[in-house]
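These come from TrEMBL:
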type     : residues : note
COMPBIAS : 59-70    : compositional bias 'Basic and acidic residues'
COMPBIAS : 99-109   : compositional bias 'Low complexity'
REGION   : 55-112   : region 'Disordered'
TRANSMEM : 237-259  : transmembrane segment
TRANSMEM : 287-308  : transmembrane segment
TRANSMEM : 328-348  : transmembrane segment
TRANSMEM : 360-383  : transmembrane segment
TRANSMEM : 395-416  : transmembrane segment
TRANSMEM : 423-442  : transmembrane segment
TRANSMEM : 462-493  : transmembrane segment
TRANSMEM : 514-531  : transmembrane segment
Amino acid sequence: MGTLTSVAFAAAVNIRFRSFHRENIKTTLPKWQKRLCFSCREDSNRFRVVKCLSNDDENSNRDDSGRENEETNDSIVKTASREEDETSISSSSNEFGSDKSPSVSSRSSNVPPIDPTYSSFQIDSFKLMELLGPEKVDPTDVKLIKDKLFGYSTFWVTKEEPFGDLGEGILFLGNLRGKKEDVFAKLQRKLAEVVGVKYNLFMIEEPNSEGPDPRGGARVSFGLLRKEVSEPGPTTLWQYVIAMILFLLTIGSSVELGIASQINRLPPEVVKYFTDPNAVEPPDMELLYPFVDAALPLAYGVLGILLFHELGHFLAAVPKKVKLSIPYFIPNITLGSFGAITQFKSILPDRSTKVDISLAGPFAGAALSVSMFAVGLFLSTNADAASDLVQVPSMLFQGSLLLGLISRATLGYAALHAATVSIHPLVIAGWCGLTTTAFNMLPVGCLDGGRAVQGAFGKNALVTFGLTTYVMLGLRVLGGPLALPWGLYVLICQRTPEKPCLNDVTEVGTWRKVLVGTAIILVILTLLPVWDELAEEVGIGLVTTF
């Protein structure tokens, strides 16, 4: 009889606790369980599976009469169990001399009720986030892909993790069973056969790997994302409009640079406005009209370098079947332009493609800039072109160690060791083009240099290079007075590294690494200013005039 009573009491308490758990689940669950259960959800590894705590599959199939009978039985059992519970607690209090032991019913009565509106709001918020977020990989497809693609002959999956910026994909971790490139090509073919063109498969280095792969190199894993999530969207009409407006502004800034190069010919009130920081009232702009025609050759040179730079990108992308966005030119009154922002509109197949396309633009722009710079220096020493020369302050040649030394070797000590220097406008165009190209080749973010370093040496190397670049720009070790505006431009527009390639593991060849390394060295020499001691010693600028 005692055993029977114990069983009945345990059943009653269990039934009452289940009813209490249903009514007050949000306020009684500890924090670690709340992360797993929220509004009848179970969250496991960022993939949510709907699960109702109050009903299982059997309960969901019951009819209304069955639920009414269950509720009636529950209420009868709860009433009987409550009386038995109070009797047992009273006897326990008398036995141990304490009346402070709380009962289950007393605890449940103190729990404040949850507003149904708040509960509905939580569920609606969750559904809204699910709808607005990127579409995730179908769990049915995950199981199918895991069974059909991976195996003992390709890649043995041991674990699955979320993949993507918001965990919208699946990352398969495991052990590689063949050569990386061969396995990846085989998996891509099988993926197309199993699910068509619905998904993109990425081969990346395994995050937080404990060691290298036994076959050599870093351990790899495979990420799966939906095509519409992983691939960039098409260029919209508004983006074309913005690009056109920026291009028109860049034309204006290039013409302004051409006018500024004639500073020795401009009216005094115009010169004062552009050189005196205390000048507030702008001069009559009609005074500049006579100088526009003379400014056009320099403007054409600057714009030609910009367009040639972008043409290099597009010519390198076409054979690789990579789509690029329309360039968004960035106007700047000091250099004419800060270059252009050009986005990838398709996923890059491998890191070699990223390096080739990234370097093609700067190399094309630099080639034209060097040609203009060299021809301009030659014409600057030619007496027949004396009428086309403009005078600029000699201190401008201290802005670049490499270009300053080349100018010093070409024009001579006497020419540069003076207050002003007579040069051809092509020198200014080439100088501005090389400086802009060097800025865009800095190894940081989504700049051409950042993409090239990421493709040649990996994302970890880009982080190191990027931090070093930011420090050097902040200390004005590179770029001189343009370091701050360029650093702000990169932080606002170009700070995010490029997304991984489909094959983000296979390294590029040695000659590509050497090419990228050589380009970075030339960039540093171009953007490194000439310090006063060296300038005075080699005769670049008149240091005593400062």
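Just so it is clear, glycine is given a Cβ too, placed from its N, Cα and C backbone atoms.
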Under an 8 Å Cβ to Cβ limit, what residues of the same chain, 6 or more beyond the ends of the transmembrane segment (287-308), are close to it?
250-251, 254-259, 261-262, 265-267, 269-270, 329, 335-337, 339-340, 364-365, 367-369, 372, 425-426, 428-430, 432-433, 436-437
Looking at the stretches 237-259, 360-383, 395-416, 423-442, which one shares the most CB pairs under 8 Å with the transmembrane segment (328-348)?
237-259
Which residues, given as numbers and ranges, are at least 6 beyond the ends of the transmembrane segment (360-383) yet have a Cβ under 8 Å from it?
301, 304-306, 308-313, 315-316, 342, 389, 403, 406-407, 410-411, 422-431, 433-434, 436-437, 440-441, 448-449, 519
